[in-house]
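As given in TrEMBL:
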- 12-33: transmembrane segment (TRANSMEM)
- 45-69: transmembrane segment (TRANSMEM)
- 90-109: transmembrane segment (TRANSMEM)
- 146-168: transmembrane segment (TRANSMEM)
- 180-204: transmembrane segment (TRANSMEM)
- 216-240: transmembrane segment (TRANSMEM)
- 261-282: transmembrane segment (TRANSMEM)
- 302-333: transmembrane segment (TRANSMEM)
- 345-366: transmembrane segment (TRANSMEM)
- 386-404: transmembrane segment (TRANSMEM)
- 425-445: transmembrane segment (TRANSMEM)
- 457-472: transmembrane segment (TRANSMEM)
Amino acid sequence: MATTQPKPRDSWGSKLGFVMAAAGSAVGLGNIWKFPYTAGESGGGAFVLIYLFFVVFIGFSVMLTEFAIGRHTQKSAVGAFKSTDRRWTFVGLISLVSGLLIMGFYPVVGGWSIAYVYKIATGLIDAPATAGDTFTSFISNPIEPIIWMTMYLLLNILIVIKGISGGIEKAGKILMPTLFIILIIVSVKGLSLPGSGAGLGFLFTPDFSKVDSNVVLAALGQAFFSLSLATGCMVTYGSYLKKKESLVQTTGMVIAMDSGVALLAGIAMFPAMFALGVEPAAGPGLVFVVIPQLFAQMGGTIGFGLALLFFIGLSVAALTSSVSLLEVAVSYLIDEKGLTRMKAVVVSSLTMVVMCVFASLSLGGIGPTLFDTGVFDIFDLLTDKIFLSVCGMFICIFAGWRMNKEDLRNEITNYGKVPFRFFELWYTLVKYVIPFAIALVAFMGVKAGFDSGKGEIMALGVAFIGLTAFVSKKL
Ligand code: PHE
């Protein structure tokens, strides 16, 4: 429907507010929950190195591209592509679908996180030996996690209803620095334990014999997920950014903060785990099992207080991320479908609740499966291993081959006012190198996926993208 904007676009109140909100979107469960356990499962140091390589060369370039597309077109995820060329609408649609799929499981984990604030406060830490069982029985319970997930989503709704500068920006500004401080305290405490050095070694000494195409695809997916790329978030946030701000500097700051927090989370977890003899490949329960145990071992009020702070920090980080995903769906419905903000929030969050209920139930073995995979894992696998990176590839192809190079140069340099020395390098990466690199990694990853029994779902994801590209031309 209405794609033109009669009213001036809502914009960020201040530069710091924008950086904090974009960093708030990037820094989340991806850094603190997913990064440590994926690194643990993928062999440690080599994974971390490949991940950082992808962040610097692919993540940086794609984020800058997304900001530029958003601010240039002044449109949110789908409109940005559609208004340039209807044949490219599918890229916006795929980002929207990816964002929605992530919101089909992210609030479940967000719910665990607020549940753990409550659980720690009510004595979980007094029985550390059962932390593993507590977690397993909690997440497989059909009711309890759904209640927490609903509460978590309600918090998101409260923030998003208030709009851009009123809600998201304020939340980011206060909550992000708090999180940094909590992680530093936790890291210092972990590093002071005897035997913690082995954990640092695991995290930072690369052993390339552990690297295969699965690990490389996991690192690429992790880079995209952690930086909130290819979900429309950064395009949408960019569209709210004032014309005078420097996109390059903003991108650099967001990337630095996101990687900083991921590494800090690793440093907070691994040394302490090694010191306490906990297995690094503990899977998605890692944070929820290890942290209570760690702090229980530290004992006393300090252990209790730090554990509580940790899960408050985790909840806060999760919240500033999921709010950005909810905002993408909401701004799509406002901009493209003409809904009021209130209605858009209701429609999108109801959709998310339904998806999350299925995702949460699947962890207790209830509900539909596809190729023996439950709903939670399907959403995670599809986004992390296929949609995000392939969509990122199309975003680069769109910018490199469909957009006008001079428009991009003007957008990125603010019409020559902020010089960007590496413009040509960035452009070459975006136009040629990144699309090719992603295609290669995704192809090898899907191929390897068939050996681990997940190839079918990944291949379905690829087929879905193809179909969307075909159908959306007609929209
Ligand atoms: N980057 C967020 C995190 O690390 C997750 C996210 C992904 C948010 C995609 C928005 C879009 O937790």
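Here the Cβ of each residue, glycine as well, is placed from N, Cα and C on the backbone.
TrEMBL labels come from automatic prediction, so no person has curated them.
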Ask   = Do the transmembrane segment (180-204) and the transmembrane segment (45-69) come together with 3 or more C-beta pairs under 8 Å, pairs six or more apart in sequence?
value = yes
Key: the transmembrane segment (261-282) and the transmembrane segment (90-109) contact flag, 3+ Cβ pairs under 8 angstroms   = no
Ask   = Taking a Cβ cut-off under 8 Å, which residues six or more beyond the ends of the transmembrane segment (386-404) line up next to it in the same chain?
value = 58, 61-62, 65-66, 68-69, 72, 81, 84-85, 88, 90-91, 94-95, 97-98, 101, 217, 220-221, 224-225, 229-231, 427, 430-432, 434-435, 438-439, 441-442, 446, 458, 461-462, 465
Stretch-level contact, the transmembrane segment (216-240) and the transmembrane segment (345-366), CB cutoff 8 A, at least 3 pairs = no
Message = Cβ under 8 Å, sequence separation of at least 6 from the ends of the transmembrane segment (90-109): give me the contacting residues as numbers and ranges.
response = 29, 33, 77-82, 145, 149, 152-153, 156, 225, 230-233, 235, 284, 318, 321-322, 325-326, 328-329, 332, 351-352, 355-356, 358-360, 363, 375-376, 379-380, 382-383, 387-388, 390-391, 394-395, 398, 465, 468-469, 471-473
Ask   = Which listed stretch (12-33, 45-69, 425-445) has the most C-beta pairs under 8 A with the transmembrane segment (302-333)?
value = 12-33
Key: Same-chain residues at least 6 beyond the ends of the transmembrane segment (45-69) whose Cβ lies under 8 Å from its Cβ atoms   = 35, 38-39, 80-81, 201-208, 210-211, 215-216, 218-220, 222-224, 226-227, 229-230, 234-235, 237-238, 241, 247-248, 250-252, 254-255, 258-259, 263, 266, 392, 395-396, 398-399, 403, 408, 411-412, 426, 429-430, 434, 437-438
Message = If we skip the immediate neighbours and take only residues 6+ beyond the ends of the transmembrane segment (12-33), which ones have a Cβ under 8 Å from one of its Cβ atoms?
response = 106, 109-110, 113, 164-165, 168-169, 171-173, 175-176, 179, 183, 222, 225-228, 233-234, 237, 240-242, 245, 250, 253-254, 257-258, 261-262, 265, 284, 286-287, 313-314, 317-318, 320-325
